[in-house]
Amino acid sequence: MAFRAPDGFIRVACEPPGGTPLVVIATLAALTAVAPFSIDMYLSAFPAMARDLHTSPSSIQLTMTAFLIGLASGQLVIGPLSDRCGRRPPLIAGSAICLGVSTLCSVAPIVEILIGLRFVQGFASAAGVVIARAIIADRSHGRVALKVFSNMTLMTVLAPIAAPILGGAVVTAFGWRAVFAVLAVLNLSTLLGVVLFVGESLPRALRRPDGLKALAAGSYLVLINRRYLGYTAASAFISAAMFGFVSASPFVLQDIVGLSTAAYSSAFAACSLAVALGSVVARGTVSTVAPRRVMEGGVTALVVITALILCTVTIGGVHPVSTIALMGCFMAGVGFLYGHSAMLATTQVRHAAGTGSAIFGFAQYTAGAVASPLVGLAGHSSASPMGLVMFGATSAAAVALFITRRSDGGDGYRRKPLRN
């Protein structure tokens, strides 16, 4: 399918005959999974890291915040860069840098160095996240793109399921430093996968020339698209709610509820499994329900769930079963919406898919970086800040979608029903 973009270039969404090969989808999913692996795998080690590095829990939380800031800012640089020089070069470079930095993290002597390394690790990891989405937008469109996004999401959510269990086992057996050695092995695997299986999806004729001027023009074209901004804002607020939960979960479930390291890892893995189930359900709606309606229904459900979480932790107390069950429902909703939000946003700006994907990712992870420290404002003895952040963020996502609904056209909207 060819079309003329607002910048004058002819863009082509070129799904290969027979669809995107499974090995390519698996490699893209693995690249996207590096980021959640880098977050979820070491959560249970926070107390041990604080003791070993002779620092405070808040300083250890900064290692995650630094990673998220690097992940967000890296997408702003790497996404537009991939629109200019193609997808493969920055993807290979990012994977190689991740490999080196993960190795250095495993031997970091003080927390300040670890924080700096985690920023670089997040920045380099952005290549996999942003370029994977851009490659899908290059190769497909409409329902075909949504199916590929859903398939990739389903494979990607295996990371937060496996990561806490694997991380807990590694920390127990070998200590927290071994977690980063395992991440280095994952980085090596994704680097080999890119080199062997992922071809260039953006031909030279379709790349954006003239450096920063063209990149600025592409960013302008992306940022004036109201539908793109609405879907991106909604996704960012959902991300804020999710990272608020992720950041607070070690202290809520271990310090307040009283779970052991192993029990926490299992509970977090169960919540992550709910993400996979949500993704499976979402994939079943591809052919029957307009993506916009799926987004609206899913976000409404998240508002209700987070309202229940807020009431539970502030009025009824933090009960293990009800708290974990509600958190699982919330994570299922996140998995249900991720593929739809990514598709709805990035397909609005196919003329600058790398830039659009970069801003989308930047918004997600910046929101997560802001939400992560907010949930710790009351210390480690109260779960109320977590509930407030989650409910406030999902409510803001609902407002963003309501505003976006006033726009016409686009995939899943009133004047142009989604095809393929």
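Quick reminder: no glycine exception, Cβ is built from N, Cα and C everywhere.
Keep in mind that TrEMBL annotations are predicted by a computer and have not been checked by a curator.
The domain 'Major facilitator superfamily (MFS) profile' annotation in TrEMBL covers 24-410.
Sequence annotations record features per position, and here TrEMBL assigns transmembrane segment to 21-39 (among others).
Within the chain, the transmembrane segment (59-79) has long-range Cβ neighbours (under 8 A, six or more residues past its boundaries) at 35, 38-39, 46, 49-50, 53, 90, 94, 111, 114-116, 118-127, 129-131, 134, 243, 247, 354-366, 368-369, 372-373, 376. What TrEMBL lists as transmembrane segment is 59-79 (among others).
Positions annotated as transmembrane segment by TrEMBL: 91-111 (among others).
Among the features that TrEMBL reports, transmembrane segment is placed at 117-136 (among others). With a cut-off of 8 Å between Cβ atoms, the residues of this chain six or more beyond the transmembrane segment (117-136) that come close are 20, 28-29, 31-32, 34-35, 38, 63-64, 66-75, 77-79, 82-83, 87, 90-91, 93-95, 97-98, 101-102, 104-105, 108, 145, 148-149, 152, 190, 198, 201-202, 342, 346, 353-354, 357-358, 360-361, 365.
Under the heading transmembrane segment, TrEMBL lists 148-172 (among others).
Sequence-distant contacts of the transmembrane segment (178-198), counting only residues of its own chain at least 6 positions beyond either end whose CB sits under 8 Å from a CB of the stretch, comprise 21, 23-24, 26-28, 30-31, 34, 37-38, 41-42, 45, 87-88, 91-92, 95-96, 98-99, 102-103, 105-106, 128, 135, 166-167, 170-171. Per TrEMBL, the feature transmembrane segment maps to 178-198 (among others).
Counting same-chain residues at least six beyond the ends of the transmembrane segment (228-252), those with a Cβ under 8 angstroms from any Cβ of the stretch are 39-40, 43-44, 46-47, 57, 61, 64, 68, 222, 264, 268, 295, 299, 302, 306, 313, 318, 323, 327, 330-331, 334, 337-338, 341-342, 344-345, 348-349, 356, 359-360, 363-376, 380, 383, 385-386, 389-391, 393-394, 396-398, 400-401, 403-404, 407. Sequence annotations record features per position, and here TrEMBL assigns transmembrane segment to 228-252 (among others).
Sequence annotations record features per position, and here TrEMBL assigns transmembrane segment to 264-286 (among others).
Long-range contacts of the transmembrane segment (298-318) within the same chain, counting only residues at least 6 positions beyond its ends with a Cβ under 8 Å from a Cβ of the stretch, are 234, 238, 241, 252, 256-257, 326-327, 329-330, 333-334, 336-337, 340, 383-384, 386-388, 390-391, 393-395, 397-398, 401. Feature annotation from TrEMBL assigns transmembrane segment to 298-318 (among others).
The transmembrane segment annotation in TrEMBL covers 324-346 (among others). Here the transmembrane segment (324-346) has Cβ contacts under 8 Å with residues 133-134, 136-137, 145-146, 149-150, 152-153, 157, 227-228, 231-232, 234-235, 238, 241-242, 245, 249, 253, 267, 270-272, 274-279, 281-283, 291-292, 294-295, 298-299, 301-302, 305-306, 308-309, 312, 353, 356-357, 360, 390, 410-412 of the same chain, all six or more residues outside its ends.
Feature annotation from TrEMBL assigns transmembrane segment to 358-379 (among others). Taking Cβ pairs closer than 8 Å, the transmembrane segment (358-379) reaches residues 58, 61, 64-65, 68-69, 71-73, 75-80, 122, 126, 129-130, 133, 219, 222-223, 232-233, 235-237, 239-248, 251, 342, 345-346, 385-386, 389, 393 in its own chain, all 6 or more past its ends.
Sequence annotations record features per position, and here TrEMBL assigns transmembrane segment to 385-404 (among others).
Away from its own ends, the transmembrane segment (21-39) comes close to residues 64, 67-68, 71, 91, 95, 98, 102, 121-122, 125, 127-129, 131-132, 135-136, 148, 151-153, 155-156, 158-160, 163, 183, 186-187, 189-190, 193-194, 197-198, 246 of its chain (Cβ-Cβ under 8 Å, at least six residues beyond either end).
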